[in-house]
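S.K.: Structure provided below as structure tokens; questions to follow.
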Amino acid sequence: MPFTNSGSDDSFCGGSTFWNTTAIRSSSYPKLSECFQQTALTFIPCGWLWLTAGFHIGYLRRHTRVISLPMTWLHTARLFVALTLGLASGIHLFLPLEEDQRFPASFFVSQSLWLITYLLACILMVYSRICGVMSPCVIVLFWLLTTVSHIVPIYSVIIQEAYHHALMRFAIELVTFALILIEFALHLAGDIEVHLIHATSYKDPCPVMSSSFISKLTYSWMFRLLYQGFRSTLVLKDIFDLPGYMQSRNNVPAFMDAWNQEFSKRTDLRHNKYQIGHPFSINGKDVIIPNYQSSTDGKTITPTQPTKGTCHPQPAVLDNASKIECQQGKTPSLIRALVKVFCLPLLKAQVVGVMADALLYANPLLLGRLISYIEAKDERPKWEGYALAASFFAVVLTSSVLSSYRFYTCTCIGDRVKTVLAAAVYKKSLTMNAEGRRNFTVGNVVNLMTVDCQRFRDLITKLYALFSWPVQISIAFFLLYNVLGIAFVAGIITLLLLMPTNAKLTTSLKGIQIRQMALKDQRIKLVNEILNGIKVLKLYAWEPSFQKKILEVRRHEVLELRKAAVLNSINSLCWVISPVLVTVTSFVAYVLITGDSLTPSKAFVAMSVIHTMKAPMDTLPALISQIVQCQVSLKRLHKYLTGGDLDEADSGQSSDDFPIQVKEATLTWDRTTTPVLQNITMSIPRGKLVAVVGPVGAGKSSLLSAALGEMEQLTGQRSMSGQAAFVPQQAWIQNMTLQNNILFEKPLEEDFYTKVIEACALEADIELLPDGDQTEIGEKGINLSGGQRQRVSLARAVYQDADVYLLDDPLSAVDAQVGRHIFQNVIGPHGIIRDKTRLMVTHGVHWLPLVDIIIVMDHGKITETGTYEELMNRGGHFSHFVRNFLLENQDEDVQEPDVLELPGEIKDDAVRGMSQENQSGLHTRHIQNQSIRQRQRKKHEAATGGDTLCDKSISPNGATETPPKAGTTEKRPKPLIDEEKVQKGQIRKAVFSAMLRAFGYLPVIVACFFLIFYNGANVASGLWLSEWTNDDYLKNETYKGTGKYTSDTYRYLGVYSVLALTQVLGNGVFVMLVFVQMVTASQRLHNLMLNSILHQSMVFFDTTPAGRILNRFSRDVDIMDVLIGRQLWMAVFTGLNMSVTLIIISYSTPLFLAVLPPIVFIYILFQRFYIRSSRQFRRLESTSRSPILSHFTDTIHGAGSIRAYGVGRRFYSQFQDSVDNNLRCTFVTESARRWLKVRLEFLSSVMVFFACLFAVTSHGVSASLVGLSITYALQITESLNQLIQHITMLETNSVSCERLVEYINLPHEPEWVQPDRRPPPGWPARGRIAFHGYSTRYRPHLDVVLRDITFTVEAGQKIGVVGRTGAGKSSLSVALFRMIEASGGSILIDDVDVSTIGLHDLRAGLTILPQDPVLFSGTVRFNLDPIDLHSDAALWEALDYVHLGTCLREWAGQLEYVCEENGQNLSVGQRQLMCLARSLLRKTRILVLDEATAAVDLETDALLQDTIREAFRDCTVLTVAHRLNTVIDYDKILVLGNGEILEYGDPGELLADTSGAFYNLAKESGLVP
């Protein structure tokens, strides 16, 4: 400290003044008084530590330790230096006792305070280390402030040469300052040894968790990853784990608790229960209890299976918008729940940000001082100019660091909010009831997760403007009042006039946003349906019809987007141009009110103030737009999360003796419709096999769903005890290995697993798979046949070793032989689950004598219950039907395994029990069907679609079609689902070219012209203002009031106003053109991508997860629709503004050109170093989002099975892992951006410093030019930040365009129509098929699956195609449709080579009845006839043919009845009948049958077989047979083996050859002895 000889002065400072401006300015250096040094420079750093110590200790006490900090030499050194400083202060305190000088009280207070503060610092350092907090900001900032506060005393004692008269004190000052610098450096160094407490939880811990305060402040911990990305292309495994505070597991529970507390305190609901249940475990079983705070009875809801229809479905009736029925209290608020969890950290960030914003307004004040200094440079000390330049540097840098902290924290909070909302959406998907699933389709929910949750994240990152804008505007207006006086009110009025405009725009935008999001939901839903039913679309050549439907929805969506783009451009223009308008109106008002001309200090300080508040104004348009979008998203999320959940109405009446009990229960899928099940009463005994039978639409599947808790219970009671296993009618298979599909995460028990495989008849299939049970199964089991999928689903259930088994027609997709094997070894009295409770839906009469109890259903009611013998003796409808069935099979010449399954005495009893009259009538009808083909084909009950020993194996990669040869070693095949391709390096020029073409060349030229027009006016206005304020005549106030003075002033003002209006015009046209035209560009790219997707072959869809495609149609298209336009505008706008700024600075102070090149060079280095990694981060973020959507859609489709098995926790954990995986990329993207931002802001601070420095040192530079130069220089920081941010965001978001272009450029399948090679009208007229040396493979690198196939099918012949699994049967059928292309030979249909005509011409001439029923959302009319070719009469005729007409006439709307997504409001049987009606309408000469009547009852099946024979009697029929008895009476049999023809001929001739392949197959099937 400096010292004083104050004598006997008793004042606190010994007579020294606190602040003496005259003394300071008259000195050659900033000479601050001793009183100032001993008070302010002591109290500020010490006061900081004492004021924050309590908060810091409180934080440490609540802090959760993540790292441990062992005592190292670094910690020891810090403590030693701090204690030494305290010792130095103590020595300094007692030195006056040895000297003659008198020291004031301020000296003793100062030294005493330093002493105890150093001791406090030591205590905090030790406590922080113990609590695992490294480099606490409180302590680091204390040492920073201490270092700064000691600069003044040290240069004072050096300049005053205190070593001459107070050497000891001089030495203490030097030692103290040196120790402070060492201490500060030690804290900046961080810690050398850091241990993660939960190190095993991280594969690659995030460096931020073990980085020092300064590393966090400058984001230096990102350097290693950025350097790696600069040297090589990053992949996902290179990115480190998320820090703990960002991980889902540390954020979601708190939000879920807040959400549940929110509604539990404020609502009392009658039906809708808002809570999103937490997964928990009961008896080792993961369960999700939806909608309840707790479960006290130990019961669980295990819902299953999507909505089934009955014969009397009702129209979908939408409830009110909220679907909330509150009896009292308020509606739960999603916002309140979010605020409870994230308010505090967000508020902390905003407080820091407001400090940064307020600090920026020190720049105009400094600018005023600098202009005053320039105007009187000769009279002022030089150090003042240097101090002003340094002050500019310090203010800009400090504000930048604080602002960067705010942005980074808000972005992290935004990511956490997005994570918890996505988790809530996912959890809700596991608890939604049928009404919720109807109202929120897959497309809706995907949009909620990808778009709506993202909008909350985007809003939070810009929410700072709501806090910052009022503060900045208040400070700005206060400063403007000080500069311009009352004239500043004109600026306020200008802003107020803009408010109503923006309010109206906001209201309009909200309505547009609601409509646009509804259209987006509809579009995504359609895309999802197309992906699910793409095979049907291609087989029926319906792609153009569905493409037209999507394009129509997209057209309406784009109309709303264009409206929003126009309004957004007007809104953006209002706020961006508002600083210009405020400047003009304020200057005009100033001139008119005062009559004075503008001076440099007034003009440029006012401009600096207005430009400073320009930043929040620039942000307001985007903020307003995002608030509107977020409001819409909030309502959508709220409606979804508060929608109806599964009703947990388990009465708890079940017992060990009766695990399933239902008493007088009436149940429905939707409370707005007629009940599906009425007055249901049943008790299922433990260990019994109970069969549920009845016609299509009777409610059989619904009964199983009711037992599982899927349905809404209106009356009565139901309960189920024990762990359940569920086998749905449509098997749910995941994209994983076959073994993992069966294990379902249970530990592998080798013996039991092998036993299950054998019992479910999967051994032969596994042997033929390329990797056995380790073979990867595609999405929805795409590379397995229907029978294989069903058996895998059954094996999964059996392996779970559950207490209760609910089996929904598990044998419908297998042939009789395999069905008998499965029944005997799995389900029946001697099967693996024989001791378990089994409730099985079946259409197989032959199994009924072997079950314990039969439940007969019709029209949603239980009509009969009892054993087989009891029901037969009652003589009811059941016995009548069984007797009919048995009589019609008693004279069969062929031994039918299904009928042989029935005991002989039961068949005899059935014959005796019928009256002679009825027997005669039946016999007469039977005689009319005596042909072998008719007798055999009408016994095609639930085995439809079956397969196994003669099974098919449709493999997208062709691997299973050719089994490996014995004795050969094959390489492990390429995985079925490849990793999503990630581009490398720079965005390809082709991508920007595609974007440019989509934007339009002419609009680009026009936009560039108006942009140059705007910037020219901007430069001219600045120079004109400089000229105005530098006018010597107007500077002379003695001329004020003269005509020339007034006219010159008005002339300058008029030109300045015109230039300002020119800026408005140029910017307005540019903004609107960019916004609107980018929507057009997005529409063009979307349409091109859709067209390209529909032109892909089936191989693409088999090997590409649907989530990957949906990702592009949802998030990537949304980025193109909304973000790219604004980012393009801002990037170009700020880039040219930056150029204008540099030009003006260089013009004003030419010396600046000396430092500009190195600064620009460093800037380019930073940019190039950063952009490589940033681009790759964005690509990885996009690709890592696809697994989230794939997992999510997979969960929605299998939600029933997930609930039934009680594995919600596991699936949710997997979802969390996927979200965290994606968030890793988002986190490093934002961290890298902050890394760059801090460094560029430092460069901009340097540029401001040099601009000020050269203004101070240059001679002959006017104050006007200096004011102009510094005013624009102060914009560099914000301009540079925005420029790099928008350029980076533009390039990284251009990855979305890159991903669209990638799919646009995919190679297409052959042309749909070839105009110059179209077949003759009415082709094929006869139906003759000829294969000539035909060979094919699924993909070029795979082996052929059909080899040298040659055979001919004459017109009208019926051909059965048989063979073992992998023989090539299915490949033959898809080859006929050119779903795979020939690698050799040809196929001729009516002498036309099918390879020479268009795919649609070919496929339109063929008909196939597919195995899996596929329906689309839309009317019955649309599902039957999407291309609108047939009349209503034809549609009704087809429906009557399939016996669906009577039922449909009872439905509301009839042909206009709306089928929901995937036909989930119809039963599986009804869906199959609808598909059959669809095929009947085509009336082609060639028919391919693939066992198309699965899941229908026996009566309906017999009628359908008659229908097929009648409707296609003159057609050529190829049947891919899985049961030989269905084709034994055909004209010819084609036997395939290993892709080659083994035999081809008349079935009688083939059976006569006892050594032939067909004879062996028939013998194995029991058709010959």
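Glycine is treated like the rest: Cβ placed from N, Cα and C.
Note: TrEMBL annotation is automatic and uncurated.
Grabbed the feature section from TrEMBL, which reads as follows:
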- 918-933: compositional bias 'Polar residues' (COMPBIAS)
- 351-629: domain 'ABC transmembrane type-1' (DOMAIN)
- 660-884: domain 'ABC transporter' (DOMAIN)
- 1005-1292: domain 'ABC transmembrane type-1' (DOMAIN)
- 1331-1563: domain 'ABC transporter' (DOMAIN)
- 918-973: region 'Disordered' (REGION)
- 40-60: transmembrane segment (TRANSMEM)
- 72-95: transmembrane segment (TRANSMEM)
- 107-127: transmembrane segment (TRANSMEM)
- 139-158: transmembrane segment (TRANSMEM)
- 170-189: transmembrane segment (TRANSMEM)
- 386-408: transmembrane segment (TRANSMEM)
- 475-499: transmembrane segment (TRANSMEM)
- 570-593: transmembrane segment (TRANSMEM)
- 994-1014: transmembrane segment (TRANSMEM)
- 1053-1076: transmembrane segment (TRANSMEM)
- 1151-1171: transmembrane segment (TRANSMEM)
- 1242-1274: transmembrane segment (TRANSMEM)
S.K.: State, in range form, which of 351-629, 1005-1292, 1331-1563 has the highest count of Cβ pairs under 8 Å to the domain 'ABC transporter' (660-884).
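M.R.: That would be 1331-1563.
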S.K.: Could you pull out which residues elsewhere in the chain have a CB under 8 Å from any CB of the transmembrane segment (40-60), counting only those six or more residues past its ends?
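M.R.: Residues 18, 32, 109-110, 113-114, 117, 120-121, 124, 127-128, 131, 133, 136, 138-139, 141-142, 145-146, 148-150, 152-153.
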S.K.: Where else in the chain does the transmembrane segment (72-95) make close Cβ contacts, counting only residues six or more beyond its ends and a cut-off under 8 Å?
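M.R.: Long-range Cβ neighbours of the transmembrane segment (72-95): 1, 108, 111-112, 114-115, 118-119, 121-122, 125-126, 129, 168-169, 172, 175-176, 179-180, 182-183, 186-187, 189, 191-193.
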S.K.: Take a look at 994-1014, 1053-1076, 1151-1171 and tell me which one has the most Cβ pairs under 8 Å to the transmembrane segment (570-593).
M.R.: 1053-1076
S.K.: Take every residue in the domain 'ABC transporter' (1331-1563), average their pLDDT values, and give the whole-number result.
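M.R.: That region's mean pLDDT is 81.
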S.K.: Residue list, the transmembrane segment (1151-1171) vs rest of chain: Cβ under 8 Å, 6 or more residues beyond ends.
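M.R.: Here the qualifying positions are 226, 230, 1142, 1145, 1232, 1235-1236, 1239-1240, 1243, 1246-1247, 1250-1251, 1254, 1257-1258, 1269, 1280, 1284, 1288, 1291.
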